[in-house]
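What Swiss-Prot annotates here:
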BINDING   G10, G11, G12, L13, A14, G15  FAD binding site
Amino acid sequence: MSKNPIHIIGGGLAGSEAAWQAAQAGVPVVLHEMRPVRGTDAHKTDGLAELVCSNSFRSDDAENNAVGLLHAEMRLAGSLIMSAGDANQVPAGGALAVDRDGFSDAVTKKLEAHPLISIQREEVSGLPPADWDQAIIATGPLTAPSLARSIAEATGADALAFFDAIAPIIHFDTIDMDTCWFQSRYDKVGPGGTGKDYINCPMDKDQYLAFVQALIDGQKTEFKQWEGTPYFDGCLPIEIMAERGVETLRYGPMKPMGLTNAHNPMVKAYAVVQLRQDNALGTLYNMVGFQTKLKHAEQVRVFRTIPGLENADFARLGGLHRNTYINSPTLLDQSLQLKSRPGLRFAGQITGCEGYVESAAIGLLAGRFAAAERLGQAPSLPPLTTAFGALLNHITGGHIVSDDEPGKRSFQPMNVNFGLFPPVEAVKIEGKRLRGKDKTVAKRHAITSRALGDCRQWLGLPAPTETAEAAE
């Protein structure tokens with residue numbers, strides 16, 4: 001058993017979680033983060049686990065939502081990212097959203113204080129040297145060009161890429177609350193919430209149609225060197241959605257369902273723009289689903305046509321950057337190791353998962369796998385029935401391009417979802433098969449119940465009833 005540390009390149013969500021898991025297992029870690037020595041197009045600070053896009057970890061409903069289930073599994077596994085998120089949550093309906101600065105600060109302080117973690121602020125411009133016999137590359141979607149080239153050369157394949165976008169953030173005191181109102185969709189109460197966690201900006205039909213046209217006509221930032229790079233459907237720029245059809249937005253991020261105008265409850269809005277709290281103080285709100293590649297001056301002009309935002313002061317305007325990821329199913333084994341170089345693992349968005357939580361989850365697994373090998377043990381893979389296992393299986397075993405479709409790129413970034421889980425047997429109540437919505441709900445409950453039970457068993461944790469009895 002070697003006493004060499006595990007070297008982790010990248011101090012984002014995946015790298016931070018990987019470092020924490022390995023150190024908690026008793027293995028020394030060197031975490032390499034290039035900021036502030038070298039910055040990126042999206043990062044604004046040198047804090048670890050900085051959230052560069054949304055401040056939302058999405059749904060926290062572990063019974064009905066796949067990402068909520070992943071939250072629960074990560075908490076069971078002692079996730080640093082989830083504990084920091086829980087400690088810095090801000091109201092967001094049924095979602096878990098966080099104060100981005102407080103969250104990053106909490107992660108940074110925890111890692112700096114851990115006796116087995118050393119943080120080195122430096123750029124790693126190539127693949128780890130041979131004497132780094134256990135290493136994890138968790139450089140994320142904004143991997144530095146020199147390292148990206150080294151990865152491409154080592155794998156014999158060009159990195160895949162897609163566009164990702166950032167939504168604007170607005171100062172709360174510049175929002176007209178005589179026009180807007182506080183309400184969560186369907187008054188849903190989430191973690192740390194009240195059922196009135198979003199600011200809603202209503203539009204009538206004429207305002208909506210004019211807004212859609214303004215999005216389409218607005219001047220966009222050009223990225224000619226990235227032509228042919230696809231968008232990730234879960235993070236489409238608002239103007240791209242507008243171009244797909246005049247009704248697309250009001251059935252997407254601007255849907256009015258479940259919302260009643262507190263100032264005029266008898267009149268139903270044709271469309272609604274929602275703003276979500278971005279920091280614990282409640283002084284900043286981000287525009288939900290409003291990722292954009294509009295030029296900055298155009299963003300100010302167009303977004304100030306939204307009722308209630310006529311005098312909006314923007315703390316941050318939207319932007320666009322390119323994400324890179326590798327063809328993981330062909331390059332990585334089940335424990336996230338590069339097949340051509342044992343001991344070198346990849347974690348986070350660079351593996352082809354999408355989302356903060358998913359990236360951290362893959363970092364969690366990579367850290368555990370590397371620590372196990374350092375301790376002379378075989379990595380313990382999570383069951384396919386868990387959210388951990390379903391996501392890992394998608395990354396390392398899903399969507400390999402077939403020989404008869406050589407030109408088709410089938411592996412693309414994906415959020416965790418119930419379609420990645422093994423099916424469950426048809427759920428029956430009193431011997432009768434369920435149908436419609438009841439069937440869907442029962443199926444999800446069966447998947448999540450099975451997942452949590454199998455996750456506890458994988459982690460060596462007692463069942464919930466046993467925990468309760470032990471506490472007594």
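The backbone N, Cα and C atoms fix where each Cβ goes, glycine too.
Within the same chain, residues at least six positions away from G12 (FAD binding site) with a Cβ under 8 Å of its Cβ are L48, A49, E50, A138, T139, G140, G348, S359. With a cut-off of 8 Å between CB atoms and residues at least 6 apart in sequence, the same chain places A49, I81, G348, Y356, S359, A360, G363 near L13 (FAD binding site), listed in sequence order. For the FAD site, the Cβ centre of G10, G11, G12, L13, A14, G15 serves as reference, and the other residues of the chain with Cβ at most 8 Å from it are I8, S16, E17, A18, E33, L48, A49, A138, T139, G140, A347, G348, S359, G363.
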